[in-house]
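TrEMBL has this to say about the protein:
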DOMAIN    5-322  domain 'Cation/H+ exchanger transmembrane'
DOMAIN    378-504  domain 'Cation/H(+) antiporter central'
DOMAIN    520-662  domain 'Cation/H(+) antiporter C-terminal'
TRANSMEM  26-46  transmembrane segment
TRANSMEM  58-79  transmembrane segment
TRANSMEM  91-112  transmembrane segment
TRANSMEM  124-149  transmembrane segment
TRANSMEM  161-186  transmembrane segment
TRANSMEM  239-259  transmembrane segment
TRANSMEM  271-291  transmembrane segment
TRANSMEM  303-321  transmembrane segment
Amino acid sequence: MLCFFLIGVQTDPWILMKINKTSSTIGFFTVAVPMFITQAYSYIIPKILPVETTIANFLPAIAQAESVLSFPTIAFFLSELRILNSDFGKLAMSSSVVSGLFSFLLTTLAVLSHQSIGDNFKMLATISTGVLVAVVIVFAVRPAVLWMIKKNPPGEILKESHIIALLVGVLVTGFCCQATGLHIYYGPLILGITIPAGPPLGSALMEKLEFSTSWILMPIFFVKNGMMIDIFDIKFGNFMIVLSLALLGALGKFIGAFITSLLSGMPLMDAITLSLVLIAQGLMELGLFKMSKYNKAEDKETFTIMCISMLIITGILSPLVKQLYDPSRRYAAYGRRSVMQSKWEPELRVLVCLHDHHDVPTAIDLLEALHPIKRCPLAIYLLHQIELVGRATPLFISHKLSKRPSSIAGPSEQVINAFRCYEESRNGIVSVHPFTAMSPGVTMHDDICFLALDKRTSLAIIPFYKLVRSDGTIDSYRNAGKIMNKNVINQAPCSVAILVNRGFLKTPRLSLPSWSLYRVAILFLGGDDDREALAIAERMCGHSKIRLTLIRLVSGNYMNENAERRADNESLSEFRHCMEGNYRVMYIEEVVMDGSGTIAVIRSMENSYDLVLVGKNHDPESPLVSGLKDWNEQPELGEIGDILISADFMGNTTILVVQQQPSKVEKQGNEKCKNLLEECLVGDDKIPF
């Protein structure tokens, strides 16, 4: 009962609004094809093979049970595989809703067709009772639940008494359903669906009940069902007939989903994966098997074989889907984008990801430092991410900015309004495109990578998963952010910059006139990531209020000239040539012997800068980082980034750790592009190079 209640809590009824022609077609044929194949098989097989009369009578009911499909099972399966909010995962969700509704219709018609007139009246009375229970829950219980939510102070934990009242409601609705002839699971499921998904109530219920239900009660439930199964009481002939029927049902689902997916234009591998996902069976199917056994539509032997068939099918599916579907494949198929490549483009596209409003001032300051002007505008794709808790359906919302700031005090509205003010202050040279994504922590990176790919951004700025105070101590920790940081770094189709906000009490400086001097430093040790950080710093140099210091660390030990060092020297020479005559740019070269010398240089930067840029990865054989890797506690930031965030002498300095995704940087451009670049870098005050 608790499990079905939680399934209802996580189910978003508004997913019905997202059903389109493609999902309707896939959902319909995923049930229709196996239903036709299995029913035909259950009719033909007794005529050509010696089948026991008892088993032959059960075959139509078995065929029906093996052909239906449930939405909660598919949602749980996708969530466990961490592909809930992938493209075909969302399609699987909406398709499974259609399949579930169609399955319910077919099951009801089948039951009515095999009963007498008197039984049909009983069936109709039961259905009427079910409708009445649903109406009472929706129009009596739901308003009470909404009243509890309204009375709870915003941002506060839900009162314990409210949780207890809902648990009592679960038991009462289950008892009422059982007493009126309905199934005991029906009331809790409907009650769960009527509760608003997500925070504050849905997430609180999941937090209170998920562990005890999933890790204590459910294992006991499965053990209890396992004790009912006697594999030694199975006859081999009956086993093969029922197993073949179950496998035919799975094959029919695969064929129905696969063909319609291909005809809808889905790529081959995604169509195969979607078809396999829609075969999955779980708790809902086990409940259906038990109901059939309770209603004497199958006997104990048949129930045992169907449970074994479910174990075999689902046991094969999970590793197969994991092997076939690689979420990063769709990103790797495209050319990687970087800020170095965007030099020759008239617009810089940046994806900014935020979890809460604490990082907004620092993010806006960083974007302003990129120096957008009329001939080099800045396109900001803002993604406010919220971890999905207490609901099964992920959300991805595209907001349309209105000209009037919103007065709504919700979490997304606060973030969006701050960026709206920044956009308005820049008079058309900055465009903001806001989005909100609600997804599980393990798949939050998918929204980032998809948006970066779709909008062709050159840089994705993501917040560090730890909140760092000005003295280097850790204030709080976001586990979902840690997973997201790691996956974005590995899979993003563009360069990634991790923004570490040291100290929280900051106010964004929204426009050029209001800016005081902004001191920026870049630590250059060499490598692709440092060259990408240098490209970002190069864009900042045209800003009249930015004073930039380039600190290059050079090893005192002799190192052979290689392609990497030649690329570093070439980038630095180009940078120094471009910045010639710009008095706001300073170049410093420090000679160090080992990692301790590098730390000494970093310590000399104490409280001297507002922003420090550094590349993530460096040559592990370089003397500049020797011994530092052994002390690296934050692999997402690299050796130097880890030192910068943990140092107690950096104060409120913002740290930006940059990684350039592997790509072949095309050295293209003509005189027109070069002139455009110079105008972007020089800025409005026309400082000569």
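Counting starts with 1 at the first residue shown.
Here the Cβ of each residue, glycine as well, is placed from N, Cα and C on the backbone.
Proximity of distant same-chain residues to the transmembrane segment (271-291), defined by a Cβ-Cβ separation under 8 Å and at least 6 residues beyond the stretch ends, is recorded for 3-4, 7, 26, 30, 65, 68-70, 72-74, 76-78, 81, 88-89, 91-92, 95-96, 99, 183, 185, 218, 225, 250, 253-255, 257-258, 261-262, 298, 303, 306-307, 310, 313-314, 317, 320-321, 324-325. Per DSSP, the domain 'Cation/H(+) antiporter C-terminal' (520-662) is made up of 53 helix, 34 strand, 56 coil.
For the transmembrane segment (26-46), the partner stretch with the highest count of Cβ pairs under 8 angstroms, out of 91-112, 239-259, 303-321, is 239-259.
Beyond its flanks by at least six residues, the transmembrane segment (239-259) meets 26, 29-38, 41-42, 45, 49, 51, 55, 59, 62-63, 66-67, 69, 95, 271-272, 274-276, 278-279, 302, 305-306, 308-310, 312-313 of its own chain at Cβ-Cβ distances under 8 Å.
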